[in-house]
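Novice: My structure is below; once you've seen it, I'll send some questions.
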Amino acid sequence: MLPQDTNTDPLPGDDAESASGKSADASQGTPNPGDEVAHPRRIRSFVRRAGRTSTGQQRAMDELGPTYIVPYQPEPLDWTATFGREAPSILEIGFGMGETTAHIAGLRSQDNFLGCEVHEPGVGALLKLIGERGLQNVRIMQHDAVEVAAHMLTENSLDGVHIYFPDPWHKKRHNKRRLVQPPLVKLLASRLKPGGYIHCATDWEEYAHQMVEVLSGEPALENTSKADGGFAERPDYRPVTKFEKRGLRLGHGVWDVVFRKK
């Protein structure tokens, strides 16, 4: 799930997963000192959630964490050193319990995936999947993705960004806490290479329209969809999650939004 503010209602259980990518070496540039996401109320990419780490998740943390968890440090990330190869680089913001990330990483073995998630059971769950499936192209940053993007990712270094099912903050007075807002979109657009993409998905229709509006307002981006409303077909690489299937059975919609850097 995507983190955002700590003094908030708890998140609905199943609400975030991620994926996307193309190669970049962080030595190409450095983050600008002023690259902060300016917002009257600082937006975070996550919400603090209670949750118990299972025995299997903890074992994965202990055994695989040292290899696959990348420590946060406010300096440019060297993608080649981090992954041991040059490949397209994808940032995943809020991967929840990691099933979608693991699925996409398995399908797209040619890409490198950096997943940001602060929820420890989710980190442990993805590490467990990495071990079970032998995934070599995933690394995890257990830190706020907004700070990672601002201070560790350089301009023109990403091939894609995935933001799947972020908290919709459905109460009107909480809308300002939503993740997809102009300051973050501007920051992410600066980190994308020309031709790189931002792929969002949500099951909250009003938030879906806001996503299209906010992304359309960023001059560096263009919508890949010409359909009414600006929504895209679900790309083949994004699986339908259990949470999503349940919603679809109940008649709830899901909207994909895909924009590309000009």
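For all residues, glycine too, the Cβ spot is worked out from N, Cα and C.
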Novice: According to Swiss-Prot, Glu117, Asp144, Asp167 bind S-adenosyl-L-methionine; which one of Glu86, Glu92, Glu99, Glu132 is listed for that same site?
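Specialist: Candidate listed by Swiss-Prot for the same site: Glu92.
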Novice: Let me know the largest Cα to Cα distance in Å among the S-adenosyl-L-methionine-binding residues Glu92, Glu117, Asp144, Asp167, as an integer.
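Specialist: Between the outermost Cα atoms of Glu92, Glu117, Asp144, Asp167, the distance is 15 Å.
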Novice: Within the region 'Interaction with RNA' (173-178), count helix residues (DSSP H, G, I), strand residues (E, B) and coil residues, in that order.
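Specialist: Helix, strand and coil residues of the region 'Interaction with RNA' (173-178) number 5 helix, 0 strand, 1 coil.
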Novice: Where the record says Lys171, Asp203, Thr241, Lys242, Phe243, Glu244 bind substrate, what is the longest distance in Å from one Cα to another among those residues?
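Specialist: Those residues reach a largest Cα separation of 25 Å.
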Novice: Calculate the per-residue pLDDT averaged over the region 'Interaction with RNA' (173-178) and state the result as an integer.
Specialist: 91
Novice: So among Asp203, Thr241, Phe243, all listed as binding-site residues, which is physically nearest to Asp167 (S-adenosyl-L-methionine binding site)? Use the C-alpha atoms.
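Specialist: The answer is Asp203.
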Novice: Within 10 Å of its Cβ, which one of these binding-site residues (Glu92, Asp203, Glu244) has the largest number of other Cβ atoms?
Specialist: Glu92
